[in-house]
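Chemist: Annotations per Swiss-Prot:
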- Asp43, Asp82, Glu114: Mg(2+) binding site (BINDING)
- Asp43, Ser44, Asp82, Lys112: 3-methyl-2-oxobutanoate binding site (BINDING)
- Glu181: active site, proton acceptor (ACT_SITE)
Amino acid sequence: MKTKTDFLKMKEQGEPITMLTAYDYPSAKLAEEAEVDMILVGDSLGMVVLGYDSTVPVTVEDMIHHTKAVRRGAKETFIVTDMPFMSYHVSPQDTMVNARRIVQESGAHALKVEGAGEVISTIHYLTSAGIPVVAHLGLTPQSVGVLGGYKVQGKDAESAKKLIEDAKRCEEAGAIALVLECVPMQLAEFISKQLTIPTIGIGAGQKVDGQVLVYHDLISYGVNRVPKFVKQYTFVQEEIVRGISQYVTEVKTGQFPEEKHSFTMKEEECLALYGGKQ
């Protein structure tokens with residue numbers, strides 16, 4: 001299993017880091033089989049798995065439950081788990097309780113937190129206690145209400161400078177990596193060159209140290225629309241619907257199950273059961 005030390009070496013050597021979300025045993029198992037470097041158990045599970053309109057309703061218990069399943073499916077892959085909405089915007093003591101629960105109960109190797117400001121002290125607090133933390137800047141889904149929706153961040157010089165400073169502060173606070181979401185590629189490249197820790201982009205262009213996508217977006221599974229920055233590599237949703245539709249048709253028309261899908265009794269046992277009469 002790769003560790004944070006390996007990810008630092010990958011950045012130094014210019015080897016791109018691959019990260020993918022996973023939310024359950026089968027998706028994690030497939031991600032590991034495909035040799036993904038890092039798995040993110042994102043609170044995006046609230047939208048793509050649980051059917052919420054945002055990530056806000058996701059709880060610590062949800063993250064623990066899903067991370068445990070991912071851990072069972074990907075025992076040899078570095079796993080990062082999101083701290084959900086308001087689980088770290090509380091007192092330092094309560095933040096530590098939530099962080100400890102996720103790490104101890106789920107088996108996550110690192111936690112991810114969104115934003116800067118007061119979150120910088122949270123990063124320092126958690127890393128000082130020995131909990132690896134991945135920072136997340138740019139578009140931060142837990143704060144879309146404040147940001148005015150799902151919009152590109154850092155498009156003007158003033159906001160770009162703030163993101164640069166926030167990124168540096170995240171590294172200084174002890175973050176082991178930084179996710180940059182929906183920021184101009186020029187800004188993402190500049191930030192990546194300023195930091196010694198790896199940057200993982202999602203909608204941040206090519207010049208970052210790695211990429212992350214949502215599992216369901218990448219394979220077109222249960223999604224109707226995807227963001228501009230997503231490339232869909234396969235379309236399993238179409239195959240799944242086709243297969244289920246065929247099943248429904250065959251049951252309705254009596255084509256399924258066939259004899260080969262059924263079990264039988266010996267003739268003498270049938271006679272003993274109902275005398276050969278039905």
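The backbone N, Cα and C atoms fix where each Cβ goes, glycine too.
What does the local environment look like for each feature on the list?
Modeler: The number of other Cβ atoms within 10 Å of the Cβ belonging to Asp43 (Mg(2+) binding site), over all protein chains shown, comes to 30.
Other Cβ atoms within 10 Å of the Cβ of Lys112 (3-methyl-2-oxobutanoate binding site) number 23 in total over all chains.
The Cβ neighbour count for Glu181 (active site, proton acceptor), using a 10 Å radius and every protein chain shown, is 23.
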Chemist: Could you list the residues of the same chain, at least six apart in sequence, whose Cβ is under 8 A from the Cβ of Asp82 (Mg(2+) binding site)?
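Modeler: Within the chain, Asp82 (Mg(2+) binding site) has Cβ neighbours under 8 Å at Leu40, Val41, Gly42, Asp43, Ser44, Val58, Met63, Leu111, Lys112.
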Chemist: Can you tell me how far the Cα of Glu114 (Mg(2+) binding site) sits from the Cα of Glu181 (active site, proton acceptor), in Å?
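Modeler: So the alpha carbons of Glu114 (Mg(2+) binding site) and Glu181 (active site, proton acceptor) sit roughly 10 Å from each other.
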Chemist: What other residues of the same chain, not counting Asp43, Ser44, Asp82, Lys112, have a CB atom within 8 A of the CB centroid of the 3-methyl-2-oxobutanoate site?
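Modeler: Here the non-site neighbours turn out to be Leu40, Val41, Gly42, Leu45, Thr55, Val58, Met63, Thr81, Met83, Pro84, Pro141.
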Chemist: Check Asp82 (Mg(2+) binding site) against DSSP and tell me helix, strand or coil, would you?
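Modeler: Going by the DSSP assignment, Asp82 (Mg(2+) binding site) falls within a strand, counted as strand.
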